[in-house]
Amino acid sequence: MSAPLPAFLLLISIAFTSASAVPLQPGFYAETCPEAEFIVKDVMRRNMIREPRSAASVMRFQFHDCFVNSGGPDWEVKLGREDSLTASQEDANNIMPSPRANASLLMDLFESYNLSVKDMVALSGSHSIGQARCFSIVFRLYNQSGSGKPDPTIEARYKEKLNRLCPLGGDENVTGDLDATPTMFDNRYFKDLVAGRGFLNSDQTLYTFPETRKYVALFSQDQRTFFKAFVEGMIKMGDLQSGRPGEIRSNCRMVNRRPVNALLES
């Protein structure tokens, strides 16, 4: 999957542009749709076998009520989240900074949702799987911060590889791996950041800022600690809700049909 923005920020967007009228809980559909969890997991499993990169898509849409297991840690997701009755590009833009974002901006964003620096770094590990477009890194390779020069934090041989993948004036829709093991959820992402091989600026900046660097180093050395912190962060983020009116859609692609009188009253 092409991921032009930090994956965890998309998860925050889903959490805050959706709503829930009742508390989220495991087994929410046990009576109304007993087979729901089995169906979701079965469809996910078959799709991941056919296209391993789809695991990244699943990670980015964790809040669409399913049990998640992407080759690394697994956890029980609270079910019953309601979909928003409307879509807001402005809301999404306000909480989804560009791939040029630095760690300071990301820390401020997460703090506004009562998520810690450790949460933010751990959740950045969702980029252990997936890909992103050249569009997201061309500035790093050729004009970092308007300097007309490449980002000096990029390791030399990795920069040569990215230059071949994303030449100046080339096709910016070409995709590159977010880490060296893009179909395996592990701590390789953090090892790559330590080595100066982060694909996105918003990733590599986690190792250049002192407040986040210590967690990158820790997770690069201890995969079990990373998995534990990642699950804790996902559970905390899964509890975020907007409080706006919502509904459980019968077709997730569109809002439910509403009676004419309800439309006239809205």
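From the backbone N, Cα and C atoms, a Cβ is placed for every residue, glycine too.
Curation does not apply to TrEMBL; its annotations are automatic.
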C66, C166 - which one TrEMBL pairs with C134 by disulfide: C166
C134 (disulfide bond) versus D186 (Ca(2+) binding site) - Cα distance in angstrom: 23
Beyond the site residues D179, T181, D186: chain residues whose C-beta lies within 8 Å of the centroid, for Ca(2+): S128, I129, A180, P182, M184, F185, N187, R188, Y189, K191, D192
